[in-house]
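What Swiss-Prot annotates here:
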ACT_SITE  HIS54  active site, GMP-histidine intermediate
BINDING   13-20, 38-40, 55-58, GLU66, ASP88  GTP binding site
Amino acid sequence: MSSLSAGPVLVLGGARSGKSSFSERLVEASGFTMHYVATGRAWDDEMRERIDHHRTRRGEGWTTHEEPLDLVGILRRIDDPSHVVLIDCLTLWVTNLMLEERDMTAEFAALVAYLPEARARLVFVSNEVGLGIVPENRMAREFRDHAGRLHQIVAEKSAEVYFVAAGLPLKMKG
């Protein structure tokens, strides 16, 4: 595994692709103080189990921050050049923003504007949802479109981009 880039890193993949595990290994190998920003909400028992599984897998040595909406705010609060921050995941953040009827363009612009200011190393995890069929309902299509746009703008600003499938990372940029 290579050393962690100074610029943002984006790790994309499908559900259960191994993207979170790969990202955690990348962060753990960095030698920086590890922070984890969880954007998911425990809406039900199944989601609580997923969150618990991720927390158990990470083990000790991580400081966890739960922030479903104010991603830039939490990143600013924990920004330090000795930190590496794993944000898992952007697609759950998009879901939360949509459910709260936030201005997606403004939220995405705020995140992208923050990236050059960040002193901590940032590793973003996100689900690639644009590889399947066109969703049949409007909300699902809007979600797919928002996620796709966010991935493109974060990838453009990232030093490294990976796509993970079957637990195997493919380096796409950097």
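Glycine residues also receive a Cβ, built from the backbone N, Cα and C atoms like all the rest.
Swiss-Prot feature annotations superimposed on the structure.
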residue: GLY13; record: GTP binding site; Cβ within 10 Å: 25
residue: ARG16; record: GTP binding site; Cβ within 10 Å: 10
residue: LYS19; record: GTP binding site; Cβ within 10 Å: 25
residue: THR39; record: GTP binding site; Cβ within 10 Å: 24
residue: THR56; record: GTP binding site; Cβ within 10 Å: 8
residue: GLU66; record: GTP binding site; Cβ within 10 Å: 13
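In the three-state DSSP scheme, LYS19 (GTP binding site) falls into the helix class. Secondary structure at GLY13 (GTP binding site), taken from DSSP and collapsed to helix, strand or coil, is strand. Following the DSSP three-state reduction, the secondary structure of THR56 (GTP binding site) is helix.
In the three-state DSSP classification, GLU66 (GTP binding site) falls within a strand.
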